[in-house]
Amino acid sequence: MRIIIKGGIWKNTEDEILKAAVSKYGKNQWARISSLLVRKSPKQCKARWYEWLDPSIKKTEWSKEEDEKLLHLAKLMPTQWRTIAPIVGRTPSQCLERYQKLLDEAEAKEGADLDLTGPTGGDAGPSADDVRRLRPGEIDPDPETKPARPDPVDMDEDEKEMLSEARARLANTQGKKAKRKAREKQLEEARRLASLQKRRELKAAGIELKGKKKKKGMDYNADIPFEKKPALGFYDTTEEKNRQIEPGFTNVHLHKLEGKRRSEINEEKRKKKQKTDSEGGVGFVPARASQLNKLKQAEQISKRRKLLLPAPQVGENELEEIVKIGFAGENTKAVVGETDNVSSLSDYTPSSTGLPLRTPRLIGGSLQTPRTPLSVRSLRTPTTERARLNRRSQVVKRDLPRPVHVDELTIDDLTYEGSEIEKIIDLEMIKLLKHDAIVYPVHGSKLNSQNLESIESFEEFTDELMNQAREAINAEIKITANESDLPEDWPKFEDLTGIKQCQNQLEINRNLMIKDASRAAKLEKKLNITLGGYLVCYKVSRSSALVKKTLESFEEVEQAKIELDSFQSLNLSEKVAIPKRIETLQNEVDHLVRREHELQERYATLLNQKQEIQLRIEDLFAKTNGNA
């Protein structure tokens, strides 16, 4: 089996097939185009078209402007020839070859100026063109940018088969739609010629027809859309003139004219049905309510999300050990059963951290205070925490207002004098106030060292004693309560309490105001001492600043005047020199234009000579073939 490697040098037949295929299939169906060429792939066909066969490719000599643009863009975007090519107006391969040629010429010129060309004989090294030229046996890496090779006289069988297949496929250059369009176009042209001939014959007979062009659509400036023309004849229109305009027809909304929509009708039906159900189902209220509750519960269950719990941190064995430890503690408490020893049988948890071997030192270097057994207390549990919160006073529980400053609160601050028992109660109340102010402080209060002593002297009672006291108070209240005395005594006590409170608050505010005033006076005195010198020197510093600013402005004016004189003299000298420069440049331009004309004429003569020589060669070749 013969294996064909796609690629290689392009031939004339392949170029002609590619041109015909592009004219038929366009520039997007390269796979279909490459199917006509046995030795070429779609990518190679596309490259050949855009690099060599495209009629828009410029194959003339490079101008000086194009060379300058190429060198400038190559400096800005090195090796980006596909980006540079559309800007210059050439193909990427042409840009690359021209750039290499310009570099070689610049290198040769620089070497000639510095006498670095070396010997010109056979000992000379290879030039840049010799290095880039292909050796015998090497494969051209970019054959799409090279001219096509002439076809041999005796072509291979596969090439002949390729030509015949391409000729057969490209013969039908039009499809069904193109043929139909061409046929319709031909009929339209025949119709136009027939109408033209008819008009000419009528005109020769003395009949002239003005052809009216039929407009597509409607001319809203000349015609009336949806016009209903009345029938021909005479009719009485007095009734129409006397007819009154319906006032209800003006300012009518669109939805009234269109009527109700289907969605609105369905919504009204649904509301009507709901109303009838609610009115007609009075006798079955319990059953209906239970049914609605069931539906709601089912809907909630369906909407309820799935419960996602984290992975358990404790295993089955650890849970069993914890349960065994709890049972052991309960059994021990049941065995002992005495109230004196129950407090010592609390739920202890083993410590996870080991004890240090030595007593840790404090920051100062001294040893830490030894931990006695009395200082060790059991940790808080929910039960003990709940009991502690219940032992709080009613004022703290209900979050009632409390005095902020309780440092100097004594028995003399009370508003009335009572018996010895009442004084003892008042002293206990003061202790309780100080205790609550320290343990549960109010926002804005300050602690004092004396308050800590009051905490140590405060005695806490057990829950049993507190319950007994509450029961005794309730029993005493039931015995001594008199409803008739309460309305008479309560307003007096309330008024006295409010007046005393306002007096204390006024005194506190006065003390604070005096402190703030003395503090403000001290700060003002300090500021006068600190900023007095600046206030005295303000006028002197301002005058010196104005003098300095005036001198700077004068210097700027002088500098601007010097620059103005310099630019004026430069303007005069430039006016004299510019015509001379223009004349010199114009002479150079004229010389270059003449030189370009001469070279163009020479190029034209050489091109004519080349064509004549080619014609002679073709004639000689034809004669030799004829003789053969």
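For all residues, glycine too, the Cβ spot is worked out from N, Cα and C.
Range 582-623 is the one annotated as coiled coil, of 36-77, 288-329, 540-581, 582-623 (source: TrEMBL). As a summary of secondary structure, the compositional bias 'Basic and acidic residues' (259-269) carries 8 helix, 0 strand, 3 coil according to DSSP.
Applying DSSP to the compositional bias 'Basic and acidic residues' (129-152) sorts its residues as follows: 7 helix, 1 strand, 16 coil.
Listed by sequence, the residues of this chain that lie at least six past the ends of the compositional bias 'Basic and acidic residues' (129-152) yet keep a Cβ under 8 A from its Cβ atoms are 7-15, 44, 47-48, 51-52, 91, 93-94, 100, 104.
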